[in-house]
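**Student:** I am attaching a structure below and will ask some questions about it afterwards.
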Amino acid sequence: MMKYTKENFIFLVGGIIIYVVDIGVDLWVASRYFYQGQYTWAILIISFRCLSSLVTQIFSYQWFKNDCEGPDPEKLKWIFLVHFFHCGIFIRYWFALKYGCQAAFKQKSSGDVSETDHPNFIQKQAIDVMTDINMLRIFKTFLETTPQLFVQIYVLMEHNNHNFSQYAAIIMSFCGISFSTVDYQISLRKSLPDKDRFHVLSKLVYLFYKLLTITSWILSISLVTLLSARSSVILLILLWSCGFAWTLKQHTTFCKSKEMEYLYRTVVGIILLFTFFNIKGRKTKVPISVYYATHTLVTVGILLVYWVWKPSVVKEIHFTVVGILTILSLVLGIIFLVVYYRLFHPTVYCKQQTRFDEVDTEARDNVEAGRFQNFIMQ
């Protein structure tokens, strides 16, 4: 297991700041929409926030409940109340700051120290808490941040009354996606014992791969919505159904209860609307190729529909800019994807089978199970 470093602690603090600022920006943008009489957009912004918060609180509480050693009704009651008021993530951030500070700045020698103060124990606690937070932030990113980014971009494309709050919301959405995806990948790398660090170049390549492909897809969906909101909804429901069916076929085993497992599969289906994740740790070459080939065909199809059915719109300068950005971000995103999987993916330089290997999972049956082992991977 790799060590928890000062860099990880800095990323943690940055993530907390962005999380808090993001809440303020959401309320600010929603209030402006209400003030302007654009109630639909305001309700959507708040709905995405409430949905992601509800899902993350449910999973966070279940993890606390599973981690409790022995029955402790009073402790569980307190934990339930904290999560009921949607503050569970802040408790996790508190523990992350506590253990992270100790692991990164206050390590002791392993001589005369108690078991709970042992450097290895502190390191494990810091990494475990950070991993749980990053899994919850992945939920938030694709249940709230990415859909909100779609709403903001659609509003900018549909209306001419741009304002600073909209640009601030878009910037915060991109920052949220950036931090959550990179932090998640760092957690994944730290859970792989026999490999190199996730270097700066690896982080940048991975970040650009995710951001560019997600941006291209959001622009594509925005164009569909401009053409026909009903068509956009039908397309998203169809794609979600395909993603959900894939999770059912993969027989995911992330949760202990059947009800939570179906909730997890539902959420993963939503995540797969926006980006690819390996949900079972198996070979990804065929699924990821099919996934992005489908996105490419849909994107090209959308642009062709505009070219045939809306030639007057195609001549407008804003459509030309959006079309170029859509294609350019898709092409660059796929290039970064290929570079990442060819040069920086863990299986490129980690040839030995590990408990989290994403290419061949036969060796995983004989290792100790954990939450992250069965979570979506890359």
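Each residue, glycine too, has its Cβ placed from N, Cα and C.
Under the heading transmembrane segment, TrEMBL lists 9-29, 41-64, 76-95, 164-186, 207-227, 233-250, 262-279, 291-309, 321-343.
Set these features in their place in the structure for me.
**Tutor:** Within its own chain, the transmembrane segment (9-29) has Cβ neighbours under 8 Å at 45-46, 49, 89, 93, 96-97, 100-101, 103-105, 130, 133, 137, 145, 148, 152, 165-166, 168-169, 172, 175-176, 179-180, 182-183, 186, counting only residues six or more beyond its boundaries.
Among residues of the same chain six or more beyond the transmembrane segment (76-95), those with a C-beta under 8 A of the stretch's C-beta atoms are 16, 19, 53-54, 56-58, 60-61, 64-65, 68, 129, 132-133, 136.
Counting only same-chain residues 6+ beyond the ends of the transmembrane segment (164-186), those with a CB under 8 A from a CB of the stretch are 8, 11-12, 14-15, 18-19, 21-22, 25-26, 28-29, 32, 130, 134-135, 137-138, 140-141, 145-146, 148-149, 152-153, 155-156, 198, 203, 206-207, 210-211, 214, 378.
Sequence-remote contacts of a segment are chain residues at least 6 beyond its ends whose Cβ falls under 8 Å from one of its Cβ atoms, and for the transmembrane segment (207-227) they are 146, 149-150, 153-154, 157-158, 174, 177-178, 181-182, 235-236, 274-275, 292, 295, 298-299, 302-303, 305-306, 309-310, 322, 325-327, 329-330, 332-334, 336-337, 339-340.
The list of residues near the transmembrane segment (233-250) in space but at least 6 beyond its ends in sequence, with Cβ under 8 angstroms from a Cβ of it, reads 221, 224, 265-266, 268-273, 279-280, 282, 287, 298.
Away from its own ends, the transmembrane segment (291-309) comes close to residues 213, 216-217, 220, 223-224, 227, 235, 272, 276, 319, 323, 326-327, 330, 334, 337 of its chain (Cβ-Cβ under 8 Å, at least six residues beyond either end).
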